[in-house]
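**Student:** In case it helps, TrEMBL gives these features for our protein:
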DOMAIN    A:92-298  domain 'ABC transmembrane type-1'
REGION    A:1-28  region 'Disordered'
TRANSMEM  A:33-52  transmembrane segment
TRANSMEM  A:64-82  transmembrane segment
TRANSMEM  A:94-117  transmembrane segment
TRANSMEM  A:129-152  transmembrane segment
TRANSMEM  A:158-179  transmembrane segment
TRANSMEM  A:200-225  transmembrane segment
TRANSMEM  A:277-298  transmembrane segment
Amino acid sequence: MTVVTPLADPSRRRSNRPNWEEPPTAAGQTGKGVVLVLVVAVVLIPLWMVVLTSLSTQTAVNKAGGMVLVPDGLTLAAYQQIFTNQLVMHSLAVSLGITIVGTLISMVVTILCAYGLSRHGSFAHRPILLVLVVTMFFSGGLIPTFLVVSALGGYDSYWSMILPTAVSVFNILVVRAFFSATSQELIDAAAIDGAGDWRTLWSVVLPTSRAVTAVVALFYAVGYWNTFFNALLFLPDNQKWPLQMVIYTYTLQGNAMPGSGQNTTGQYFGTQEITPLAIQMAVVTLTLIPILLIYPFVQRHFTKGVLLGAIKG
Amino acid sequence: MTALHDAPPALRAPEDQPVKKSRFRRDRSLLLMVVPAIVLLIVFNYVPMFGTATAFQRYSIYAGFWHSPWTGLETFRQLFSDPLFWSALGNTLILSLVQLIFYFPVPIALALLLHSIMSNKVRTIVQSVVYLPHFFSWVLAVTIFQQMLGGAGALNQFLRQNGIGTWDVMTDPDTFALLVTSQVIWKEAGWGIIVFLAALAAIDTQLYEAAAADGAGRWRRLWHITLPGIRGVIVLMLVLRLGNVLTVGFEQMLIQRGAVGRDAAEVLDTYAYYYGVVNANFSLGAAASLFKGVLSLLFLLAANKIAHLLGEDGLYRR
């Protein structure tokens, strides 16, 4: 299956509409416009309300009766509150640490493996690929994995959130497809200049593959940042929790957050001008920020990255 | 590492290097690069695959795998006589079916709509926005749904303020299947359009031109060129979906199981989790997972067979 990637195509402009194509009808265009605006609104409005509520004063939240849609009485008090909260700050550090260390480990393993399998006609690359691909369709399931990780000392340890999910075969296939497409002349030239496989990977193949490595790094980083289930499985102690566990426990399940100024029944008794809801939404916003920061830089490479893995793998 | 052993990769074709041993020597640095990934996969994927054998034991965490007594099919007898297991299986199939009907067509429709937009700028903006929720965790997605649709959420604020009764969608077991599906649509439909957009872009525009010359209007072109053009990808996605028919968003269910109740939200994966890990009945959990794995494989093979009968490649060529 050959696939042309629908990246920015300069020929697709209104003025370039081919002359055999009928001009758009007013009704059709309005209909499409309404649907597209609705789709975008359904994604963005909840995010907007989350961020705005986290920035709202108690009066504004009370006036809105909960989530805030229109800015009115903004304050950073909720953020001041969570930045002095030990639990939140510690979980933020844990999330950042897991994400950074995990992504580094995953990228090294993935890039090496992808390059090792990307040179045409190399020794045993087919059977090795089979060993990889089998894991995409078969798995031991939850219980045996839990027992293995626990037996290796993963229980109550940070690495249980990194090593079991460190390799994604899908990502290896994406990177391998990209590496295989590196111009053979370039690699031959490096070989003639005396570069071995390690040198070729580092000095020739990697610098020409920035797009795909950026996308795959984002996939891994998002995976680690979103780690929830492994934390639930392996981390009994809230001192080691990542942010996702904190949100799950204190926002979704509605338990009172230690040091948030809430008592055990969730009643707010502080004198600050913020509500528990604003504090919860501030923590939620905190987990959104890194994704929103990195996303625009990597987004344009998505299509290429995803399709390479899906089609050529 | 000498240059002698590192033959230029251009020569890396089997016929140039007939001797296995010399190919091994030449490619040993490549093989070394593969080792870390293989080791991780063996430890965390292959060892658990064999660990599935705990389903045939009365596993005790103190005795471990090697010393736990073998019980044959006893665990499966226990599993199949548990009404909660059948209820979990039923829930899984219902949720899967509802998602197949209401979720599956959405990315296709969205992709068709986006493809028909001439303006590059509009398309890029919409794409960037709809991809975004895919990168949020399920904890975040469900939190956002709770804040929008939950008892204290934005929807019910609005309903209360306008004197209409309230409805806590987040805890209503009767509409849980629809809630779950709408969450999946919100989070993944945008991301799902990528593969269809690629298939659409691969359709030869000359076909459209020829059809237009023959007098086919836009709807006829959609029906006779566009849809057949992406048929292969649609069938492939359907095959993959059917292979996963027993998997319905594990984290998504786990997170909401408490609020909605076990009767509606227990699926095979959460069943295995609660019996296996929470109640420490490891053998029963492993048996439930194994049952699910075997059945999923059969579904996948059957779906692929059907794809072949329809004249499509499916997962692999015949």
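Positions of Cβ are set from backbone N, Cα and C atoms, glycine also.
I'd like to know what surrounds each of these features in this structure.
**Tutor:** Outside the transmembrane segment (A:33-52) by six or more residues, the chain places 67-69, 71, 281, 284-285, 288 with a CB less than 8 A from a CB of the stretch.
Here the transmembrane segment (A:64-82) has long-range neighbours at 45, 48-50, 52-57, 88-89, 260-261, 272-274, 277-279, 281-283, 286, meaning same-chain residues at least 6 beyond its ends whose C-beta is under 8 angstroms from one of its own.
Long-range contacts of the transmembrane segment (A:94-117) within the same chain, counting only residues at least 6 positions beyond its ends with a Cβ under 8 Å from a Cβ of the stretch, are 125, 128-129, 132, 158, 161-163, 165-168, 171-173, 175-176, 178-179, 197, 201, 205-206, 213, 216-217, 220-221, 223-225, 227, 240-244, 287, 290.
Residues 113, 117, 160, 164, 169-170, 172-173, 233-234, 313 of the same chain lie 6 or more positions beyond the ends of the transmembrane segment (A:129-152) yet place their CB under 8 Å from a CB of it.
With a cut-off of 8 Å between Cβ atoms, the residues of this chain six or more beyond the transmembrane segment (A:200-225) that come close are 95, 98-99, 102-103, 106-107, 110-112, 115, 118, 161-162, 165, 168, 171, 174-175, 178-179, 182, 186-187, 190-191, 287, 290-291, 294-295, 297-298, 301-302, 304-306, 308.
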